[in-house]
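Heads up, the thing below is written out as structure tokens.
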Amino acid sequence: MIPLLLRDIRLSVRAGGGALIGVLFFMTVVAVIPFGVGPDLNLLSRIGPAILWIGALLAALLGLDRLFQAEREDGSLDLLLMQETPLVLTVLVKCLAHWIATGLPLVIAAPLLGLFMNMDEVAIGATTLTLLAGTPAITFIGAAGAAIAVALPRGGLLVSILVLPLAIPVLIFGVSAVHAAIEDPAPFLPPFLILVAINLFFAVIGPVAAAAALRLSSD
Amino acid sequence: MSEPSLAIRKFSDLANPTRFLALVALLWPWMAGLTLCLFAFGLYLSFATLGDYQQGETVRIMYIHVPAAWLSMMCYSVMAVSALGTLVWRHPLADVSAKAAAPLGACFTLIALITGSLWGKPMWGTWWVWDARLTSVFVLFLMYLGLIALNRAMADDPTRAAKVGAVLILVGFVNIPIIKFSVEWWNTLHQPASVVRLDGPTIDPEFLRPLMVMAVAFTLFFFTLHVLAMRNEILRRRISVLRRHAARAVGREGSDA
Amino acid sequence: MRLLAEGLSAKRGEDLIFRDVSFGIDAGEALIVKGANGSGKSTLLRVLAGLLPAVSGTARLLAAAHPVERLGEACHYLGHRNAMKRELTVEENLVFWKAFYGDLHGGAGIGVDAAAAAVGLGGILHLPFGYLSAGQQRRMAMARLLVAWRPVWILDEPTAALDVAAEAMFAGLVTNHLAQGGIAIAATHQPLGLEGARELWMTGFAGAEQGVW
């Protein structure tokens, strides 16, 4: 499984890979928000965590459609399906590679964008931490959508439409954990632990659903 | 069937870059040396002059910040001229120049942003304000990154990437005044003159002298790097051509055997 | 070892492509699947590889050195597409497949260098796969069959993009595989140059009378 992980990471950082695009999209989306709401620093620092989360959510969805589509186009998907290794495990590893290449850079870029949003240290730390815990969940559940849309021509947009509603809980608990960290009376841990639980739950249900969809859509 | 025409075009293409490479080999040590001297002199001046009575020592950031900001704009102009060269005169070096300039421009813009942010922290009490000037530079930074991403996405076919990229560069160039204007409008609309202006209308000759030396040093630095980056890009393309040739040669041997 | 297919039927979409196909192949034997376009050659191969579910019937590997749950696990499948990444070098591609496949009992794959040399393309392992011509890419896909041991080779139009010399080279590879006790099933229009290979003619079948709907 390590070779598959390394291959996928290598593919996404190679020329033409999607690793850079996701972060760039994240930066652009977040940078455009102030042009819409105005450069009021107090307002920006209040909505900053939510903006970062929405931006990261959209950026994480961006490259997902290529997760299995690229494998299908060059015939690799057939060979991955035939192997003795459980398909669920293959999908899980592909998700991990995808997250390392596209999700982790978002987490790393988040503190920088937090500065743009005039967020204080606690808010930046909390946002980064929740993104670290939450973005894998988006990838896992997104893999199911990507597997369902793999056989469709131009599945890219469809993946986003399929996955966004499923990712709403991640967004809710991610942002509310950050707000709990900033505003004293509310405790940080309960929403954060729910977020982690969602992550673990999706880590199971996403690959299982994706593997089933891939088997069924093979033709 | 395209083999002979490809070969002929390749050879005529090679003529110019070859002369360019010879010129670079001759020039770059001198350029680098001069840059080094200017930097030594400029940095000496920067630290020998007095600090500002209001801003204290932080004013010295200006000697890095202002030249970097100037270069961030000049680099885009260089790219725009190169883009014209690609589209109008079809000069083979022009697309190499535009491609080599993009990462440099992004770097200098990033330096301008970081130093601006470092300078802004003691002035404004925050790392970043959505000041019209800073914001415009940030938009420029995003444009550079977009161009780099475009070049990377089409790494298989650099000639075609250069043409498409040239169109994008020119569209961006035409748009820069509009972006600048609208950002200023947006900014004044929201916060009328609450931000401290960095540059007073007058600048003391005490600051001007090191600033000018540093600006010249930075400009020369940019051109040294640009020329070297162009050389690397030309060599990279040659290697790529050689590798494709190697791949084809092995096939021919294989079918003979 | 014996590959036994009994009463296979398969559908593509809603159409029954073929019905009641049965055959058995022993170790060291090759089966050439022939037939007109659309007669179901590719479908049959994909059913054998486990990529399409059979509507009825089974395909099993009997008395194998390494019993497998699904036939596909014991197979190499060379489809129309090469399953190699253009962005990676040839070596990275082959090393990945070698590691990902692993060897089944009863044989061992050869090294990546040796495999590339066997298909006549030694010395360009360091190049990105995308730099290679169509024929070279196909030959590198064949090298993939050599780096990991699978007793059964399923080959769908293996020599479509190849010149005569490369066809002869490929026939040599298959003959060698059969000599090691392997099984090969190939769908092809071209003569593969395999001696003593058995043939299976697909006639095509319109499943209108079946009346599923």
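The backbone N, Cα and C atoms fix where each Cβ goes, glycine too.
Residues annotated as domain 'Cytochrome c assembly protein' in TrEMBL: B:12-190.
Sequence annotations record features per position, and here TrEMBL assigns transmembrane segment to B:20-47 (among others). Cβ atoms under 8 Å from those of the transmembrane segment (B:20-47) belong to residues 60, 63, 93, 209-210, 213-214, 216-217, 220-221, 223-224, 227-228, 230-231, 234-235 of the same chain, restricted to positions at least 6 beyond its ends.
Sequence-distant contacts of the transmembrane segment (B:67-89) (same chain, six or more residues past either end, CB-CB distance under 8 Å): 95, 97-98, 101-102, 104-105, 108-109, 111-112, 115-116, 137, 140-141, 143-144, 147, 162-163, 165-167, 169-170, 172-173, 176, 211, 214-215, 217-219, 222, 226. Under the heading transmembrane segment, TrEMBL lists B:67-89 (among others).
According to TrEMBL, the feature transmembrane segment maps to B:101-120 (among others). Nonlocal intrachain contacts for the transmembrane segment (B:101-120), taken as residues 6+ away from its ends with a CB within less than 8 angstroms of a stretch CB, comprise 58, 61-62, 64-65, 68-69, 71-72, 75-76, 78-79, 82, 126-129, 134, 137-138, 140-141, 144-145, 147-148, 151, 198, 218, 222, 225-226, 229.
Feature annotation from TrEMBL assigns transmembrane segment to B:132-150 (among others).
Sequence-distant contacts of the transmembrane segment (B:162-183), counting only residues of its own chain at least 6 positions beyond either end whose CB sits under 8 Å from a CB of the stretch, comprise 76-77, 79-80, 82-84, 86-87, 94-96, 98-99, 132, 135-136, 139-140, 143, 146-147, 150-151, 154. Annotation source TrEMBL lists transmembrane segment at B:162-183 (among others).
Sequence annotations record features per position, and here TrEMBL assigns transmembrane segment to B:207-229 (among others).
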Positions whose Cβ lies under 8 angstroms from the transmembrane segment (B:132-150), at least six residues beyond its ends: 69, 72-73, 76, 79, 102-103, 105-106, 109-110, 112-113, 116, 120, 161, 164-165, 168-169, 172, 176, 179-180, 183-184, 186-188, 198
Tertiary contacts of the transmembrane segment (B:207-229), as residues 6+ beyond its ends and Cβ separation under 8 Å: 24, 27-28, 31-32, 34-35, 38-39, 41-43, 45-46, 48-49, 52, 59, 62-64, 66-68, 70-71, 74-75, 78, 97, 100-101, 103-104, 108
For the domain 'Cytochrome c assembly protein' (B:12-190), mean pLDDT (0 to 100): 84
